[in-house]
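Since the structure comes first, as structure tokens, the remarks are kept for the end.
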Amino acid sequence: QTELVGVLLAAASNFLISVSLNIQKCAHRRLVCQAEQKPYYMSKLWLCGIVLLGLGEVGNFTAYGFAPIALIAPLGCVSVIGSAFISVFFLKKTMRTADILGGTLTITGIYLLVTFAPSVPQELTAQQVQNYLVSWPFLVYSILEIIIFCILLYFYKRKAVKHIVVLLMMVALLASLTVIAVKAVSSMIAFSVKGKMQLTYSVFYIMIVLMAASCAFQIKFLNQAMHLYEATAVVPINFVFFTTSATISGVVFYREFLSAALLSVFMFLFGCLLSFLGVIIIARNKKEEHLQIPFIDCGHIPGQKLTGKIQPDSHSSCYGTLNKEDDSKKRQS
């Protein structure tokens, strides 16, 4: 029953996030169409989207206190499929066959995830978290993760390699630490609310610092990826990397699937695979939307070779005319 609460909370939170993203996009569209331009943060519609985004993130944080990481992390696909379907109403986009197929695969994957997810006690005390931190599986996992991250960071900094896989792998490695810390903090807060105070232990504040630091660097590399590559490529790859990394960290740190049957593990992994395929199909071949900027099409001018459009500077004194200096030089020649 506790896990069901976590699942419902995570699903509702990710749905709120998808609604908030579409509301923010709708607000930006309206601002572009207005004659008098004003900052986006002054828009009530945009602020409404930010509030929903905050509620969604808080709900996701709380969900980790009720269910395993291996179950909550893959439910991030709800925001992807939710955004694809909600954009039909908010942004008047057309529903594609790929959206329906991807949504069906993702929902099937979610059903398998929920059905065959590991069933482990979710009430974690500060003492249990301390024991997990010094356990040899986590120490080995941490050393391997630090080595891989340092290698990727070397190529990123020294060799200027900014490939999408390099950037998103660093995001995923940091995300594994984030979900470990988030679950620990959320579980200790939930335990304290029930009357057994856990907030006096130093491990609680260590986890808060780890959560904040890993989140900050995670956002940095994710923003870099979004700046260099299309969102249609970043979203599915980041979802696959994040889910895989978070699931592995849950297995290593919190020992999820320790007593699970082989069939349950196989069906859970199959559900993850279906969710991955669904998200990739939804994002595949989806055109990036750019705000339309007016331009002048010169058409075909005999004897002149045109390679594109001309966007004049409306603030220039010679708007709509040839540059006087260039024109005089041509007449002299």
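Yeah, the Cβs are placed from backbone N, Cα and C, and that goes for glycine too.
What TrEMBL says about this one:
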TRANSMEM  6-24  transmembrane segment
TRANSMEM  45-63  transmembrane segment
TRANSMEM  69-91  transmembrane segment
TRANSMEM  98-118  transmembrane segment
TRANSMEM  138-156  transmembrane segment
TRANSMEM  163-182  transmembrane segment
TRANSMEM  202-222  transmembrane segment
TRANSMEM  234-254  transmembrane segment
TRANSMEM  260-283  transmembrane segment
Same-chain residues near the transmembrane segment (202-222), Cβ under 8 Å, at least 6 residues beyond its ends: 126, 129-130, 133, 167-168, 170-171, 174-175, 177-178, 180-182, 184-185, 188, 234, 238
Recorded stretches the transmembrane segment (260-283) and the transmembrane segment (6-24) touching, at least 3 CB pairs under 8 Å: no
Long-range Cβ neighbours of the transmembrane segment (98-118) (under 8 Å; 6 or more residues past either end): 3, 7, 11, 67-68, 70-71, 74-75, 77-78, 80-81, 84-85, 256-258, 260, 263-265, 267-268, 270-282, 284-286
Tertiary contacts of the transmembrane segment (6-24) (same chain, 6+ residues out, Cβ under 8 Å): 45-46, 48-53, 55-60, 62-67, 71-72, 75-80, 82-83, 86-87, 90-91, 110, 114, 122
